[in-house]
Amino acid sequence: MSQQSTAVKVFDHTQLNDTHTPQQVIVELMKLYYTQGWVSGTGGGISMKKDGKIYIAPSGIHKERIKEDQIFVMEQDPEVQVVDIQSCQHLKTVYSPNDNGYNFKISACQPLFQLCYDVRGAGAVIHSHALSAMLATLIYDKEFKVTHLEMIKGIRGHGFYDELVVPIIENTAFENELAGSLKEALEKYPNTFAVLVKRHGVYIWGKDWVEAKTHAEVYHYLFDCAVRMKQLGFDASSKQ
């Protein structure tokens, strides 16, 4: 007599689509970005917004090992006015993994993710600690600039001949202290979908997780390209 298999159906990031929950998307993208060095050493993170709810991974744990029931779920409290953008006091918890026996803190990136939602209408945000992003902040001062590179087309509203500009803000000792300068950059650069943080990494977003993923892959390619062109004596901000 044959036994019926009770194995759980397994999928990975290559099969993600709109039928998957935000928790499933975050878990799979974390695994993918860990292999690319974007969220190693417990750093970096991903957040998504869907149907009025905000999904955020916990802080200080290995991102490639995050499980679906470890994702915080928040929503905006309409009765609370935003006074301090660092505290996110206008958000209330819908689900906490600590209700299931965990002892986690929500990602320290929460105020930065929330700014991308509030100021830019993002649907998903990726925070990367990729080496290429960090190095790019060392070869540019206040703005990362590239032009005449084919991959620029992958950023919404940009083309091959355009100058793609990404603002660079100064790093701080604690993530939430970036809120003020990030808000200023979001308002000053309406055409960007990324903000670099000096000697740290980058925040990248899109209208949903699909566009955020596309933007993240394109920006990281351009960061790496600019660094390598610099090593070869070329200027990525020039068409020459």
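Counting begins at 1 with the first residue displayed.
Cβ coordinates come from backbone N, Cα and C, glycine included.
Take the CB of Cys109 (substrate binding site) and look out to 10 A: across all protein chains shown you find 24 other CB atoms. Look at Swiss-Prot and you will find Cys109 tagged as substrate binding site, backed by sequence analysis.
In three-state terms derived from DSSP, His127 (Zn(2+) binding site) belongs to an extended strand segment. There are 28 other Cβ atoms within 10 Å of the Cβ belonging to His127 (Zn(2+) binding site). What Swiss-Prot lists as Zn(2+) binding site is His127, His129, His200, and the listing cites sequence analysis.
Other Cβ atoms within 10 Å of the Cβ of Glu150 (active site, proton donor/acceptor) number 9 in total over all chains. Mapped onto three states, the DSSP output places Glu150 (active site, proton donor/acceptor) in helix. As annotated by Swiss-Prot, active site, proton donor/acceptor applies to Glu150, with the evidence given as sequence analysis.
Those residues of the chain, other than His127, His129, His200, with a C-beta within 8 angstroms of the mean position of the Zn(2+) site C-beta atoms are Gly43, Gly44, Ser128, Ala130, Ala133, Met134, Val197, Gly201, Val202, Tyr203.
If you measure from the Cα atom of His200 (Zn(2+) binding site) to that of Glu150 (active site, proton donor/acceptor), you get 26 Å.
The subset of recorded positions (His127, His129, Glu150) lying with their Cα within 10 Å of the Cα of Cys109 (substrate binding site) consists of His127, given in sequence order. Taking the Cα atom of each, Glu150 (active site, proton donor/acceptor) and His127 (Zn(2+) binding site) are about 24 angstrom apart.
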